[in-house]
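Q: These came from TrEMBL, pasted as-is:
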type	residues	note
BINDING	ASP60, HIS264, HIS266, ASN300	Mg(2+) binding site
DOMAIN	51-325	domain 'Pyruvate carboxyltransferase'
REGION	462-594	region 'Regulatory domain'
Amino acid sequence: MSDQATSPVAATTAKMTPKSAAFDFRKYRPFAFAPSLPDRTWPSKTIEKSPIWASVDLRDGNQALIDPMTIEQKMRFFNTLVDVGFKEIEIGFPSAAQVEFDFARKLIEENHVPDDVTLQVLVQAREHLIARTFESLKGVKRAVVHVYNSTSRVQREKVYAKDKAEIKEIAITGAKLLQQYAAKYPETDWVFQYSPESFSQTETDYAVEVCDAVCEVWQPQQGQEVILNLPATVEASMPNVFADQVEYFCRNLAHREHVIISLHTHNDRGCAVAAAELGVLAGADRIEGTLLGNGERTGNMDIMVMAMNLFSQGIDPELDFSNMSEIVQVVSECNNLPLHPRHPYVGELVFTAFSGSHQDAIKKSLDYNEKHQDETDNVWDVAYLPIDPAHIGRSYQDVVRINSQSGKGGVAYILQRNYGFNLPRWMQIDFSGVVQKQAETAARELQNDEILQTFETTYLQQGKFELLDYSVNNKGGDVYFNGQVQMHGDIIDIDGTGNGPLSSFIDGLAQHTGKSLHVINYAEHAINPHHNSGNGIDDDTNNDNKTNANAAAYIQLNIDGEVYSGIGTCSSTVSAMLKGALSAFAQAVGKTAA
Ligand SMILES: CC(=O)SCCNC(=O)CCNC(=O)[C@H](O)C(C)(C)COP(=O)(O)OP(=O)(O)OC[C@H]1O[C@@H](n2cnc3c(N)ncnc32)[C@H](O)[C@@H]1OP(=O)(O)O
Ligand SMILES: CC(C)C(=O)C(=O)O
Ligand SMILES: [Mg+2]
């Protein structure tokens, strides 16, 4: 028998073959348009500033919707884009439909366009459409007219049935028509943009040839720059290949210095943002995309993600997403598309850790930063959280959520952040076992109030055991405890001696019950008042050592050889401590009774 026949991989492959006949990779060919660029420079570059952004939500995004936007929706979206800080906004395809035309007119006639915002519109290289497009823009101060025709091999051969020279001629005609019509509206500051549509599936040297021909018509110069927009209309290669195409294009273009190189990537392979980022390294100045990545098929490049990627590297993205939830709401409602809960930066779950080790690391990082504020220069550096959720208006509320995958750090985080209980490690271990069982039994996420309730019933509501009146007195170096404890409805006198209130109380409990009791661990803290809402804190004003804040005490006792943890809360630290001991004791009795 050969090695191949015995290997488990070979066995799997052999089984798959008949089934995979319909799943035929042999129908595909490797990507054929990668230019040869052995001396590429982009891999050793870094992005140091934000590119020029152009939103195409209202055009490319809109043309991909089941129900295109109404004028009202476009208006709402446009205002949001302006608020976010976009200075170039492709508002539509005015020659395509009346609503598109009317929207352009509304923006212009009703003065909705801020002085520093430039409208952009798209049109095919066809005269009647170009004529209508300029008509739609009459009276605008400044506008980008964006003309395109596809240059890809498949479109040349199968859609247009034209050779390279004929396709170039469409581009040249379009460029000339833009000039002619622009001349009819001299009151407007016109900017010309050309896209060799499907650039990435075009031979790159041919794309350069077509764009050079367009520039020959437009004659870009200082103060009269043009935009050449390079689309990955359908993403068909790895992003490094796209970057090679962009660098090749930039290096070989005749009028590079007077041309703004723009990129327009789509997300068919899931790498639209990566392609745009590498394309910027390769020399691009401008990026077209949409918020949340809506667009044809798998969508356009998500500008929000790319901008937030820059933000998370300490680069000013020149777009303001601090009001993220409102932005997301407008985008989702206008597009009538739901947001994936794991959408980068904005999904409901992207700042949430369910798993124990992540929660532990997040809690420890946040605690560390709080303690070392002076040393960190306030620079964000938290495990598992690439940015501070607060920067985009998210709370820390959801950073940790609890299910059966969670650990002690996560449960401790919930109790600390929401209810002010700062559990010591040994207490975290004790309580996390309780929560783990509860989550496993429920087989679902546990809500914060359920965790608090479990915390209270486990440690705080020892209803059958209650510390009543007591006093502690120092005499000759010893401390004497005298008080009453209610146990199962009986009121019992407790007297004990020790070197402090706790040890004298424990001594009294031991004497009364005949059990052996020793303190193993002890911790206490004031409960931060802003965490207090809704917790099970006792406000007993019983005794001495009053503090303004409520106190929580955590006690671990060895009772007859077994370990029990308890918690007490009170406005008095001593009472909290004694209640904590009684809480641990009650569990031991409860366990014996059970
Ligand atoms: C990658 C992109 O996103 S490109 C933008 C795509 N967006 C849209 O198409 C949405 C808006 N478009 C529309 O509503 C319509 O296409 C319209 C109104 C503009 C034009 O509609 P129609 O005239 O009915 O034609 P249709 O779109 O089917 O156009 C195809 C014709 O235009 C030609 N054509 C297509 N694109 C271009 C172009 N960019 N430049 C020149 N000619 C073009 C085709 O070769 C075809 O020619 P034929 O009629 O000789 O066969
Ligand atoms: C019109 C062009 C820029 C386009 O949307 C594309 O090629 O994806
Ligand atoms: Mg597109």
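Glycine too: its Cβ is placed from the backbone N, Cα and C atoms.
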Q: Please compute the mean pLDDT of the model over the region 'Regulatory domain' (462-594).
A: 83
Q: For the binding-site residues HIS264, HIS266, which one has the sparsest Cβ surroundings, going by other Cβ atoms within 10 Å?
A: HIS266
Q: Inside 10 Å of the Cβ of ASN300 (Mg(2+) binding site), count up the other Cβ atoms and send me the figure.
A: 29
Q: Would you count the other C-beta atoms found within 10 angstroms of the C-beta of ASP60 (Mg(2+) binding site) for me?
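A: Neighbour count, Cβ to Cβ under the 10 Å cut-off: 26.
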Q: Which of the three DSSP states, helix, strand or coil, fits ASP60 (Mg(2+) binding site)?
A: helix
Q: Apart from ASP60, HIS264, HIS266, ASN300, which residues in this chain have a Cβ no more than 8 Å from the mean position of the Cβ atoms of those residues at the Mg(2+) site?
A: VAL56, PRO231, THR233, THR265, ALA272, GLU288, GLY289, THR290, GLY295, GLU296, GLY299, MET301
